[in-house]
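Remarks on the structure that follows.
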Amino acid sequence: MSTATKDQPSILKWANDKTGEFKRQVSSFRDVISDEPGSKFVPEARTAHRTLLVRALKGLEDIISLDVVHWHMQEKGWPFKDGYEDSLYGAKFVREIYFKAQPDYAGRFTVPVLWDKKTETIVNNESSEIIRMLNTAFDKLVPSKAGINYYPANLQTEIDATNEWIYDTVNNGVYKSGFATTQAAYENNVYPLFKSLDRIEDILSKADYLVGNTLTEADLRLWTTIVRFDPVYHGHFKCNIKGIEKDYPHILKWTRRIYQLPKIAETVNMEHIKNHYYQSHLQINPTGVVPAGNGPNLAEPVIV
């Protein structure tokens, strides 16, 4: 039984009651890290957070510490337990971190969270904004990576446009399909999802990457969804019109290409990923049984 109150929505309630449509909450903490004079949050070593890809690619492992939540989301949200620990405060749930930053917080307790150790508060909990901060804000601390930019000025307009339609129909589209509670809500989202995957397949049939034929933020934002597609979204979220391994050869090649970049493979814990979805979303998967398959072998060599 839900223990949510009028002011605190249920963690496990996903879709709008009337329409059956999944509604994603807007992130609440939207500050930035900057080395500009007078900045509230400045780039310093040992800032804890929950984001992996850009952290690895930008060589920030010794600058930004990382705590990973346990995969089993419960009524109180993401827990720390069984070897997944909060190294700063020994919190039992991510919600405790939110309440430490804002005692009257009444939204969802999402990850990732970028935490500032000096001021002991949340800087930001919106992954798209965290990625952009990590892309450039710490360059002076890791000068060897300063020339690597996943949001270059000359491609920003195209990256933003690509992000917009991919986020709506793919990144969020799998959730809007999977958490739909009416047939109409499901069909309103699953068909646009595959239309966009077809569009992405066409783009990647002509180029190695989505924008400017170079690795950018647009690729990194999409990649985490594609890695989960066959082992999770295809079955669990009923996104089963096509599959990545069997139906999208260019997307598969692109996924492998990124997976095989230095340090990227170690950011993928498929056991954690599958356990979370199949055992946390019991309204979708009441038995909690986790499928055996892990999707395509991403370590397989990319044939040029």
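Cβ atoms here come from the backbone N, Cα and C positions, even for glycine.
Among the features that TrEMBL reports, glutathione binding site is placed at Trp78, Arg108, Phe109, Thr110, Val111, Glu126, Ser127.
Annotated domain 'GST C-terminal' per TrEMBL: 152-277, in sequence order.
Annotation source TrEMBL lists active site, proton donor/acceptor at Tyr175. Counting every protein chain shown, 19 other Cβ atoms lie within 10 Å of the Cβ of Tyr175 (active site, proton donor/acceptor).
If you look up TrEMBL, you'll see Tyr233 (among others) marked as site 'Lowers pKa of active site Cys'. Other C-beta atoms found within 10 angstroms of the C-beta of Tyr233 (site 'Lowers pKa of active site Cys') number 24, with every protein chain shown included.
Tyr277 (site 'Lowers pKa of active site Cys') is surrounded by 22 other CB atoms, counting those within 10 A of its CB over all protein chains shown. The feature site 'Lowers pKa of active site Cys' is assigned by TrEMBL to Tyr277 (among others).
Cβ crowding, taken as the number of other Cβ atoms within 10 Å, peaks at Trp78 among the binding-site residues Trp78, Phe109. With respect to their backbone Cα atoms, Thr110 (glutathione binding site) and Tyr175 (active site, proton donor/acceptor) stand 15 Å from each other.
Among the residues Trp78, Arg108, Phe109, Thr110, Val111, Glu126, Ser127 said to bind glutathione, no two Cα atoms are farther apart than 16 Å. All protein chains included, Thr110 (glutathione binding site) registers 20 other Cβ atoms within 10 Å of its own Cβ. In the structure as shown, the Cβ atom of Ser127 (glutathione binding site) sits within 10 Å of 22 other Cβ atoms.
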